[in-house]
Amino acid sequence: MRLRNNPNAQVELDASKYTVKEYPFKVNKNVIIELGMGKGEMITQLAAQNPDKYYVGIEKFATVAHKAMKRAEKLELDNFSIIDKDIKDLPELIEGTVETIWLTFSDPWPKARHEKRRLTYKSFLDHYKNILSEDGVINMKTDNDKLFLYSLESMQEYGMEILAVTRDFHNSKWVEGNVMTGYEKKWSESGKNINFLRARFK
């Protein structure tokens, strides 16, 4: 699913009303964030379905984020913004607290030396704790079983409360209202199980 580089993507993103221009971006607890939103299949549909909520997609790759921008334009969304920055800079990007953080099909970084790059490593959990509202939750979907087990263990070791966990998301009670990402559709159609967890900080 690798995209051919779009040389005009960053210029068009910079000019788009959807792209955040000033940081930190001020949010409130009515906001849902997707970290690594990719082409925005999920988050733009959620925004269209829930006009009373505000959605923010973070995606550092311009060619990919540009696809999300085009989806937002087509849907004429007025409750969606794009942050085209690296997630590792989250403390400088967001000011305030949010309702939900989505981690969707994140890079598993399978090599041990890259553990600190995984989005459920403890340093990232520190960042999430600082921007989640008191009753806010983290939702995670992934096809990667090893990353899922790592994330579950990492969150438990951090002291988080696990509210939901399943190795077969699409056949679980938590699938109601689910909107699939591009990767999710690809892997589920090939027969791969989709893992899901929901957690919050105590």
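The backbone N, Cα and C atoms fix where each Cβ goes, and this holds for glycine too.
Sequence-distant neighbours of Asp107 (S-adenosyl-L-methionine binding site) (same chain, 6+ residues apart, CB-CB distance under 8 A): Gly36, Arg117, Arg118, Leu119. Following the DSSP three-state reduction, the secondary structure of Asp107 (S-adenosyl-L-methionine binding site) is coil. Taken from TrEMBL, the feature S-adenosyl-L-methionine binding site covers Glu34, Glu59, Asp86, Asp107.
Among the features that TrEMBL reports, substrate binding site is placed at Lys111, Asp143, Thr181, Gly182, Tyr183, Glu184. Here the Cβ of Lys111 (substrate binding site) has 8 other Cβ atoms within 10 Å, regardless of which shown protein chain they belong to.
The annotation region 'Interaction with RNA' is assigned in TrEMBL to 113-118. Residues of the same chain lying 6 or more positions beyond the ends of the region 'Interaction with RNA' (113-118) and with a Cβ under 8 Å from any Cβ of it are 106-107, 124, 147, 150-151, 154.
Ranking the binding-site residues Glu59, Asp143, Glu184 by other CB atoms within 10 A of the CB puts Asp143 at the bottom. On the 0 to 100 pLDDT scale, the region 'Interaction with RNA' (113-118) averages 98 in the predicted structure.
Cβ neighbours of Glu34 (S-adenosyl-L-methionine binding site) (same chain, under 8 Å, six or more residues apart in sequence): Met42, Ile43, Tyr55, Val56, Gly57, Ile58, Ile101, Trp102, Thr104. A C-beta separation below 8 Å, combined with a sequence spacing of at least six in one chain, links Thr181 (substrate binding site) to Gly38, Glu41, Met42, Thr104, Phe105, Lys141.
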